[in-house]
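Enquirer: The structure that follows is given in the form of structure tokens.
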Amino acid sequence: MEALKEKILKEGKVREGNILKVDCFLNHQMDIKFLNEVGKEFRKRFEGEKVDKILTIEASGIAIAGIASQYFDYVPVVFAKKTESLNLDKDVYESNVHSFTKKKDYKVRVGKQFLNKGERVLIIDDFLAQGCATKGMIDLVEQAGAELVGIGIVIEKGFQDGRKVLEDLGVRVESLAIIDKLEDNKVYFK
């Protein structure tokens, strides 16, 4: 998606440790008009696919998935929670995940009533790096007996193993921008 690449080049900041900071439009402050274009692009990438639900992970994926939902006939969006909560039923699907950016392990959970056998689920998230969060969401889909349509990623760090990990599982991955490298405070795309 050329408009996304341009926005990353113009507004993104490269940080030490292969971190790309896009908090000015994607995962802190959100450019809603632009995210609408992201949602339309996901619809285009998954044209002809029946989608019953969109699954993401809190927190950065929620807005993206919610906006994308309107282009998939307003299907429900389910987000995996990273923390236990009194308002989350005990009857949950649960998976272990490692966060690349936070450098910690945690469990993600989805109430069993929100992912059902036979549903066609599209996973959408902001970043793909090592693929750990996405693998955790795939595990939740499998536990539910639902069918995975594919993975929609806004920004993929193509120099890390996430895509290979997911494709080795036989999963379709659609990334809107793929970064080849982050070097000398610059972003290079594939």
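Heads up, the Cβ atoms here are built off N, Cα and C, so glycines get one too.
Just lifted these from Swiss-Prot, have a look:
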BINDING   L20, N27, K157  xanthine binding site
BINDING   A129, Q130, G131, C132, A133  5-phospho-alpha-D-ribose 1-diphosphate binding site
Enquirer: Between C-alpha atoms, which of these binding-site residues comes nearest to A129 (5-phospho-alpha-D-ribose 1-diphosphate binding site): L20, N27, K157?
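Expert: Comparing Cα positions, the candidate nearest A129 (5-phospho-alpha-D-ribose 1-diphosphate binding site) turns out to be K157.
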Enquirer: For A133 (5-phospho-alpha-D-ribose 1-diphosphate binding site), what is the secondary structure by DSSP, using just helix, strand and coil?
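Expert: Looking at the DSSP assignment, A133 (5-phospho-alpha-D-ribose 1-diphosphate binding site) belongs to a helix.
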Enquirer: I need the nearest neighbour of L20 (xanthine binding site) among the binding-site residues Q130, C132, A133, using C-alpha distances.
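Expert: For L20 (xanthine binding site), the spatially nearest of the binding-site residues is Q130.
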Enquirer: Compare all C-alpha positions of L20, N27, K157, the record's xanthine binders, and send over the largest distance in angstrom.
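Expert: Taking every pair among L20, N27, K157, the longest Cα gap is 16 Å.
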Enquirer: Using C-alpha atoms only, work out the spacing between C132 (5-phospho-alpha-D-ribose 1-diphosphate binding site) and K157 (xanthine binding site) and round it to an integer in Å.
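Expert: Taking the Cα atoms only, C132 (5-phospho-alpha-D-ribose 1-diphosphate binding site) lies 13 Å from K157 (xanthine binding site).
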Enquirer: Could you state the CA-to-CA distance between K157 (xanthine binding site) and Q130 (5-phospho-alpha-D-ribose 1-diphosphate binding site) to the nearest Å?
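Expert: Here the two Cα atoms lie 8 Å apart.
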Enquirer: In Å, rounded, how far does the Cα of G131 (5-phospho-alpha-D-ribose 1-diphosphate binding site) sit from the Cα of N27 (xanthine binding site)?
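Expert: Computed Cα spacing between G131 (5-phospho-alpha-D-ribose 1-diphosphate binding site) and N27 (xanthine binding site) is 18 Å.
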Enquirer: Which secondary structure state does DSSP assign to N27 (xanthine binding site), in the simple three-class scheme?
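Expert: Reduced to three states, the DSSP call for N27 (xanthine binding site) is coil.
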Enquirer: DSSP three-state call for L20 (xanthine binding site): helix, strand or coil?
Expert: strand
Enquirer: Which whole-number value in Å describes the distance between the Cα atoms of N27 (xanthine binding site) and A133 (5-phospho-alpha-D-ribose 1-diphosphate binding site)?
Expert: 16
Enquirer: Inside 10 Å of the Cβ of N27 (xanthine binding site), count up the other Cβ atoms and send me the figure.
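Expert: Result for N27 (xanthine binding site): 19 other Cβ atoms within 10 Å.
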